Amino acid sequence: MTIEVLDRGFVKLLDHMGDDFSAVKAARISHGRDLIDEERDRKLIEYLLRSGHESPFEHIVFTFHIKCPIFVARQWMRHRIASYNELSGRYTELAEEFYLPDLYKRYGERLNENDLQKASKLIEESYKKSHEAYKCLIDMKIPKELARVVLPFATYTQFIWSVNARSLMNFLSLRADSHSQWEMQQFALAVAQVFKSICPWTYESFIRYRYEGDLLKGVNP
């Protein structure tokens, strides 16, 4: 399952371990029980999230492949209860891939046409110059780990993210929210879409009882 985000990014589900029933089994082991029936299992998930008993959801794990601008990745990796492995700019020559924001769509009502054109041109030109400098430094045999210092935060990076459902729900509360940067929001909404497809009962109860953001309430991600 791959969801395209922004102009060049994506959220791709590589693997997952468990689903709604994994949390039910983990919760019922406390009393030496297993799955009972669908309706009671669903109500148990609702009870767990309503009462804040979230440890059973740590047994559901997702592994994603993420491609996003570096400035988004740096916000993402502040969520430390997870595992990350990122594309290395020390060993890999970074592609000429930069996030180009759609200023007209985002700020067309607040900025005049002339300023929007100037801003878009300035961003594109700065990207081009920085990558030209990067390539020149590499051609001069400057190590890639040092040559990359001229590249902007808008450069695309890639990483693998493994996270349990409990931590993922915390991520969504903070990032699928209007207080988060818009670009970060778009990736969080894509993650929410994957989460909902794998764990629909958990997702529904999470939104109802534990979600602290404002972008997912009353909408389908």
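Here the Cβ of each residue, glycine as well, is placed from N, Cα and C on the backbone.
Look at Swiss-Prot and you will find R175 tagged as active site, involved in ionization of N3 of dUMP, leading to its activation. The Cβ neighbour count for R175 (active site, involved in ionization of N3 of dUMP, leading to its activation), using a 10 Å radius over every protein chain in view, is 25.
Residues annotated as FAD binding site in Swiss-Prot: S55, R78, H79, R80, E86, N164, A165, R166, N170. Secondary structure at H79 (FAD binding site), as computed by DSSP, is coil.
The Cβ of S88 (dUMP binding site) lies under 8 Å from the Cβ of no residue that is in the same chain and 6 or more residues away along the sequence. What Swiss-Prot lists as dUMP binding site is Q75, W76, M77, R78, E86, L87, S88, G89, R90, R148, R175, and the listing cites sequence analysis.
Taken from Swiss-Prot, the feature domain 'ThyX' applies to 9-209.
Nonlocal intrachain contacts for the motif 'ThyX motif' (78-88), taken as residues 6+ away from its ends with a CB within less than 8 angstroms of a stretch CB, comprise 94, 157-164, 166-167, 170-171, 174. Look at Swiss-Prot and you will find 78-88 tagged as motif 'ThyX motif'.
E86 (FAD binding site) and Q75 (dUMP binding site) have their C-alpha atoms 14 Å apart, to the nearest angstrom. Cβ-based neighbour count (10 Å, all protein chains) for S55 (FAD binding site) stands at 12. With the fewest other Cβ atoms inside 10 Å of its Cβ, the least crowded of the binding-site residues M77, A165 in this structure is M77.
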